[in-house]
């Protein structure tokens, strides 16, 4: 169990002592789910895991006092950041005064000016120096170089964590260049760790940057079937040595293990991982499950898992279709017919013409006036079932701008079929 | 009872005011805040006017029981952390108001920012920070924000600091309230951040950076004490992103069905029986066109007045006979109201206001056959009117026809010329013509506009003392330059009034091309005010 939960759980339990064990259990499991460091702590044991590899890379460059760089690649929600944090936590305990960690995020600091400023800020914070907001890019760059040198002399390693690494590789890559160059030119000790969900992140680098980057890569993959099962137990089972009443914990865990053994539950997990087997997906699923827990009995049931699955797996387009009014459906069908005819021009006027011809041939009960249809047309635009083909032509009024349909024919068909009290489908 | 009625009203105001005030949460508080100048406390982040029980909450939102219960479950018991929620559903389905009322019920502190009023990242960031730092813009601080922050990186740092101090304060308050038993209205030590109208962020300048940032905010901050709730009109799959982002847990608000709408409208009616019989008649046709509460409300409220007209006493309980009588009375109005009540907001306002009177009377029938002449309800110089008409003609007619339309006889005898071609080619031409019409106004260069302008203005007669420069057709050089400057001025003012829009420049010629933005009825109206025979010049007629 990670340090974070250990430190926070007594506080929670103390405050909630007067609440029912079911609620306490819910809060505990929810805080576990919301803490990726806890979730991924089970992957830290086996020797061939990414955890041990990463730890070896960093600790060897720590002890050998050399520069290093590594990329952590893999799809979103596979625990790249979490594993790195676990490693750093461990290393900070092992070598307390030898590490300072600088964390940057490509979403926030992809601009080189901003990135250097943030580095200076974090360095200042770490070493109790005064940070000036007004410092220029040049000042900050010089500060970083001298800090690297000083830290190198003091045998202290600076670890740069660059989350969303691919975003740093946009544009001129000035920041990456100045960082990697600073590491080369002086007797510094620094480790650069890039984290990216793009597997080709190292191919994005310019030549001058790439030549300064070591090509160590660690690949993170979604958990396998067995790992998923281990994760489930790891997250959901209540600890036996805690403040919960003993009978409650046993009842809870026994019920849960029984569910895990059920083949229906296995089917649920299969459907879940069929669409997306990352831990993030599992995390959302479990959060929803735990939220649905019956607080009276305080036990999870198979129904909870089923309900969570249905809330997680949604078909937004079909939902929106079900929300459409009949006139809006008419317009969609008209659009589809125009597409089927391969008519080039598809704007509101063309739709109205088609609508009139449908009305004439099928003798539908109501024929709505043009401005009512225009209103419905705009609702469809708002619902994003149709959209304008181009973003230009703001001067032109909506009736003339060409539109395209954003749902496929089978989707529309399914939507119409499931629509309650749908009139004759002239489709 | 009065309390139970109010949520319905509240709900409407919340929704509509979310577009006008920075945070609708404080709608109720604003007056209070302005009157007392003492500094804000943590309590101000809770809606604390009155408590609302779960039963009342569910009753005040018909057919939202499932959603309310689900949201409460997801928010969980006190102090339970939460992964980001994504509340979505069509317009006017009660997303914002339900969420806000739930927080009122739970009495937990929250921060509400809408991306409509916070129309760029800076304002959004500062609005969140202001609320979190309990800062209020007033005269003394020159209506400035607590912190100036433009970049996401600064925002994250500031937010992190602000959140930690805030949470410390919450814990302190809890401690105090435990020891002194002072009535603290805040419960729990979670703070929730609600970002409304998220779909608008997609239209922002740097939306490609801001959107993934907002979706990842929870992971970036790593503070389990902060709950994040997004509210959006469109589903998650409409938010595209290059490399994906941390997804959030979806909660869906479906549109109301007919029965739900009926329940909503039946709330707080003085004469439920009468209103119910009214809804029997009226609701179905409107429901077929739209399912939005706000639209239907706008449409049927004037209709109800009409419905009650034959009655002397609106308090009576209608029997079958009166119902039949009232139905007969209202029936002709329904179809008329169906046509009229939906005004289209996207059309140019001037045009809408000009043609509104007409649509009131006739609806949109075939354009061009207005018998009842309405005056234009705005003034325009004659020169500008001619310019408008020529722009309309230039947009409408193909350029190749100009020569035959505007020959020396003024286009009066050119109708017979076109009748020679065979049936088939005529048909082909017809369909092409129609397509052209449907495609909307075409673009034209300035020279063509001026040429047409000269032609049509030379045909027309002038009364002396007209405000247009005298145009003789064979004018001298001095007149020519005068006309040009004046006309160009008029043209630019027409452009700025959005009657004529500037299209893109033609890649071959390089000159700017124009496009007329007025509708046909508008052009006809202008032409009538000049007594100009516009239909004669229209290609398709």
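Cβ atoms here come from the backbone N, Cα and C positions, even for glycine.
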Looking at B:370-403, B:404-437, B:438-471, B:472-505, which one is region 'Disordered' according to TrEMBL?
B:404-437
Examine the ranges B:1-28, B:29-56 and name the one recorded by TrEMBL as region 'Disordered'.
B:1-28
Segment confidence, the domain 'Origin recognition complex subunit 5 C-terminal' (B:380-538), expressed as mean pLDDT:
71
The compositional bias 'Basic and acidic residues' (B:422-436) - residue tally per DSSP class, helix then strand then coil:
14 helix, 0 strand, 1 coil
With DSSP as the reference, give the number of residues of the domain 'ORC5 lid' (B:275-327) in helix, strand and coil.
39 helix, 0 strand, 14 coil
